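Novice: Pasting a structure here, questions to come.
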Amino acid sequence: MAGAAGPGTVPGAAGGDGDDSLYPIAVLIDELRNEDVQLRLNSIKKLSTIALALGVERTRTELLPFLTDTIYDEDEVLLALAEQLGNFTGLVGGPDFAHCLLPPLESLATVEETVVRDKAVESLRQISQEHTPVALEAHFVPLVKRLASGDWFTSRTSACGLFSVCYPRASNAVKAEIRQHFRSLCSDDTPMVRRAAASKLGEFAKVLELDSVKTEIVPLFTNLASDEQDSVRLLAVEACVSIAQLLSQDDLEALVMPTLRQAAEDKSWRVRYMVADKFSELQKAVGPKIALSDLIPAFQSLLRDCEAEVRAAAAHKVRELCENLPTEGRETVIMNQILPYIKELVSDTNQHVKSALASVIMGLSTVLGKENTIEHLLPLFLAQLKDECPEVRLNIISNLDCVNEVIGIRQLSQSLLPAIVELAEDAKWRVRLAIIEYMPLLAGQLGVEFFDEKLNSLCMAWLVDHVYAIREAATNNLMKLVQKFGTEWAQNTIVPKVLVMANDPNYLHRMTTLFCINALSEACGKEITTKQMLPIVLKMAGDQVANVRFNVAKSLQKIGPILDTNALQGEVKPVLQKLGQDEDMDVKYFAQEAISVLALA
């Protein structure tokens, strides 16, 4: 395989003298054309190794032409190739030769598979930065023009992602050409191309001169926002955020707001959804004055939209919208123009809408302050705590800390309790799991007395749940509670209840005792572990069930480091030695492992 390889021929790695040190490279090169996809993929991923071995000149003259001609491979291989080439500038001789990487990437930017094209565009964008301004106009801009005027829509969609990276460093004449190409793609016959152009409109606007934004980008935005395809119109809404940031208030009001108002009332729910989804960014981009005059009315209609998806997206933005309002007059705007709509959503027919609102409504308490929260928000929180949908109740409980800062949790505690109990016993185990995870937070806010009186029994009940994930989470929960309430509380309240389970007829519950001891020993410290927990663990070493016995060995290994030498040598060692002779293989294995780890051999 020595000598120069023409396009389509695999470049040879080993020279005529049969240098053995290059043999692995020869293998990698052979694998580039192997029938096995996995081998080709493996070789492509090591392309930089091949290039290093060949040197910069042979990489340019042999490897790259070969790669350019093999663009008919499996998508997975092409994706890897597109990614590799983005980091190849140093391997072809540096920025002066970066243009050598353009032909294979240009081919990759036209293939059918979207992920490959996107990766090729990403690599081209990377390489564009490594071109000098002269090389950019000589090599990169012509590539963009070729893609932009290609016969296949695939090449034209790829071009859309390249305009913004080459525009800033181009000469004025070339800039005009680039803008012209972008304009024509915005009105392309193929919806996929118009979609690609719309998705890059905001990015392109940011690198243009202000005059061009007004005279060219805004008309393109207006056209795309009234495109016959809703998938194009919704992308224009996204671009509006970037465009709005570039214009003065007067220009915004005259040039952009009529189109945005129209989008908020679009006949397609997907476009209205996009307006709702981008609402906070739009609010910041247009500024407080226009937000009050134009966006608040639009937001009101989105909160009452006939489509639940749109109402849910708008509900998600309620807190951010209120926080972003200017502090002067904010309370009045929220109370008069937003709160009446929120009250309606609390009893919405759709649970996703109610759930979305429940995830943010608590945050309004910090914006509205103590009096308004007690008078206006508290009734809404209480209504949501009684909602038939568990996700709604859960979202309220998981955001309690917001309210606690403003009014204290006692106001809610009477209604909280039934909601917590219901969730704790919900038929869906994932709901039970979620409430367990909030228990340490709740405990900290409600205080130890309230917790002991109302919630302690729940936490103990979870330890014997029929789902293992719940029992496991309940064990971790106990450890966090001990860290919050201290060892004395653990000794008096938790440890006795846990240890009683060691005599439970169900072996799974007996094992839970061991898991709890593992979790609690560190938090409870040496004295409680030695005096209260260790005797129970040692007693359980004689359990009839092998699973319990090997968990005894694991528990002794876990709590061993906390115990003093006397307890280890006098009590733990004999029990582990006995378990080390057990008839069950697993028990024997874990006992011997514990002896080894605790250095008791």
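A Cβ is built for glycine as well, from the same backbone N, Cα and C atoms used for every other residue.
Worth saying up front: this structure is predicted, and the values here are computed from it rather than measured.
Summarising the annotation, Swiss-Prot assigns N-acetylalanine to ALA2. Swiss-Prot lists 136-173 with the feature repeat 'HEAT 4'. The repeat 'HEAT 5' annotation in Swiss-Prot covers 174-212. What Swiss-Prot records for 213-251 is repeat 'HEAT 6'. For 412-450, the entry in Swiss-Prot reads repeat 'HEAT 11'. What Swiss-Prot lists as repeat 'HEAT 15' is 568-601.
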Novice: Return the average pLDDT for the repeat 'HEAT 15' (568-601) as a whole number.
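Specialist: Overall, the repeat 'HEAT 15' (568-601) comes to a mean pLDDT of 90.
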Novice: Grab the same-chain neighbours of the repeat 'HEAT 15' (568-601) for me: Cβ-Cβ under 8 Å, and only residues 6 or more beyond its ends, written as numbers and ranges.
Specialist: 534, 538, 541, 546, 549-550, 552-554, 556-557, 560-561
Novice: When the repeat 'HEAT 6' (213-251) is classified with DSSP, how many of its residues are helical, how many are strand and how many are coil?
Specialist: 33 helix, 0 strand, 6 coil
Novice: Looking only at the repeat 'HEAT 4' (136-173), what are its DSSP counts of helix, strand and coil residues?
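Specialist: Helix/strand/coil tally for the repeat 'HEAT 4' (136-173): 27 helix, 0 strand, 11 coil.
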